[in-house]
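Report on the following structure.
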Amino acid sequence: MAAVAAATRWRLLLVLSAAGLRVTGAPQPPNILLLLMDDMGWGDLGVYGEPSRETPNLDRMAVEGMLFPNFYTANPLCSPSRAALLTGRLPIRSGFYTTNGHARNAYTPQEIVGGIPDSELLLPELLKEAGYTSKIVGKWHLGHRPQFHPLKHGFDEWFGSPNCHFGPYDNKARPNIPVYRDREMVGRFYEEFPINLKTGEANLTQIYLQEALDFIKRQQAAHRPFFLYWAIDATHAPVYASRPFLGTSQRGRYGDAVREIDDSVGRILHLLRDLSIAENTFVFFTSDNGAALISAPRQGRGAQGSPGTGTARLAPAEKELQGQNKTMKIHVPSRSWRDRSRKECLSNVTSKGPGGEPGGQTCPEGGSNGPFLCGKQTTFEGGMREPAIAWWPGHIPAGQVSHQLGNIMDLFTTSLSLAGLAPPRDRAIDGLDLLPTVLQGRLTDRPACHARVLPPSSAASLPSTEEEGPIFYYRGNTLMAVTLGQYKAHLWTWTNSWEEFRQGVDFCPGQNVSGVTTHSQEERTKLPLVFHLGRDPGERYPLSIASTEYLDALRWITPVVRQHQEALVPGQPQLNVCNRAVMTRLAVVSTAKHLEAAGAAGPAEPLPRARK
């Protein structure tokens, strides 16, 4: 095995060297472009079965590259998933969780003083060793205090914001979110960078697009390898799009935003071809978590709280995508749905859920998580499984579909491998190197696999440990579920609290599954809910705990969970909410000390204003 691994790595190095040859003959590693969307669901692209088929550029990207139907995020919320991508580690290892409550999601609003610790090694820091110039465009979300600035963690350039485009605020108790160019604040959302909440008009995606295009042109002219992290947030509520795209989608304002993103990705890939660097640029498209079913519909043409997932209850069909790696069957809407008008679609929607519960699914208006249950904030498949496409002309064979279990953390390790670098050895790294998958069509096992003995009756349904490894589903500080092979075991179930639900907040609108989508935190560590995702991707029908299949699956999964939890060393929590009264007092004391020091040193200079 060691000889095979060495030979494989040698061949990969030859490929990379050949891809980086310039006129001078000096080898150069490939450029790396990671396109991270915000709250975009698995079912939002035409290639994944979205009925309106309004993503021609992303669909073409998949046709020219490799599609990953089984690609996951590391957390169902923005900040932790971004920390996972840039560190290659589960968010709980880097402290991107809260201890304010059990299984509570958390991120980095202005009330949070934590952020990415200095002890964490981020991807752009490590890529410097291979001569890369790195830029982040868009949302950082790993802390807004000076010590967490992206330029202090390896990036050479930044245009974007430390947080999401929430607001507007009163600029008294809470200021509007700032926008930065490198270290200088150049404005704020809703001020220098307006967002019209009534119409949804904002020019931010076009600004982010131009930043990306300009950066690529500059690096190509300088013959420098680059890492571009394009992390835009148009599909995060409040959803926005620029004027030319508003009103152009069949899916309301959310669809307008998706269409503009699709157009932007097409322009980026077109530029790479025009500059003759497409064959030396690895591009990967994915999202930070599943679509937010509770927020996006408020701005679409549909009713609040009824975005639907766009598949279940309307005669799903199976679409076979052939790949050298494996033939993958994806459940997508049937042609009969695609051909219906929206009016006909609405008239055919059932009012009952899969178990006869009130609230069937509706036609898509907001984000779509395909056939999967729930969405953002939850560890059901709709919150964790993401669209994913790898593109590298001349290296990734066109039209491939990989059955590889992938994770957003894999982009860290894969990017290092592209640069000819090894991941750090002084810490646990959870990301896999996907290069053998994308270049050779191989399936790579994830860590923490265990040998096991299975009775003959189960041997056919449970894949060997040579082929599969676990995907861990964390929510805050809690391991909620684990997938191993085709089996997913829920150790805890919870959507959101009864208090929120009674106020009309529902993370799984129209998808109530009795005993599964619970509004109280239900511990199931002794007898987990187990689903076979191959037969039941929507997590509607748990296996009977009396069945041989359930017992075999549990016997396989339990030691994996035990080993993981025993070895896990959580980082210091960074996302705990601070007491506002204490924060105000500290701010007053800090201001008083600043004024006292300034008085001793002479007249104070005014604070710099945002550049318009």
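Keep in mind that glycine also has a Cβ here, set from the backbone N, Cα and C atoms.
If you check TrEMBL, you get these features:
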ACT_SITE  Cys78  active site, nucleophile
ACT_SITE  His141  active site
BINDING   Asp38, Asp39, Cys78, Asp288, Asn289  Ca(2+) binding site
DOMAIN    30-420  domain 'Sulfatase N-terminal'
CARBOHYD  Asn203  N-linked glycosylation site
CARBOHYD  Asn512  N-linked glycosylation site
REGION    341-370  region 'Disordered'
SIGNAL    1-26  signal peptide
Of the recorded positions listed as Cys78, His141, Asn203, Asn512, the one whose CA lies nearest the CA of Asp39 (Ca(2+) binding site):
Cys78
Neighbour count (Cβ, 10 Å) for Asp288 (Ca(2+) binding site):
29
Can you tell me how far the Cα of Asn289 (Ca(2+) binding site) sits from the Cα of His141 (active site), in Å?
14
Taking the centroid of the Cβ atoms of Asp38, Asp39, Cys78, Asp288, Asn289 as the Ca(2+) site, which other residues of that chain lie with their Cβ within 8 Å of it, listed in sequence order?
Met37, Met40, Leu77, Ser81, Asp233, His236, Ser287, Ala292, Lys376
At the Cα level, what's the spacing in Å between Asn512 (N-linked glycosylation site) and Asp288 (Ca(2+) binding site), rounded?
24
Cα within 10 Å of the residue listed as 'active site' is the criterion; apply it to the recorded positions Asp38, Asn203, Asp288 and give the hits in sequence order.
none
Here's one to test understanding: among the recorded positions Asp38, Cys78, Asp288, whose C-alpha is closest in space to the C-alpha of Asn203 (N-linked glycosylation site)?
Asp38
What are the non-local neighbours of Cys78 (active site, nucleophile), defined as same-chain residues 6+ apart in sequence with CB under 8 A from its CB?
Asp38, Asp39, Tyr107, Lys139, His141, Cys164, His236, Asp288, Asn289
Return the residue, from the listed recorded positions Asn203, Asn289, Asn512, with the maximum count of other C-beta atoms within 10 angstroms of its C-beta.
Asn289
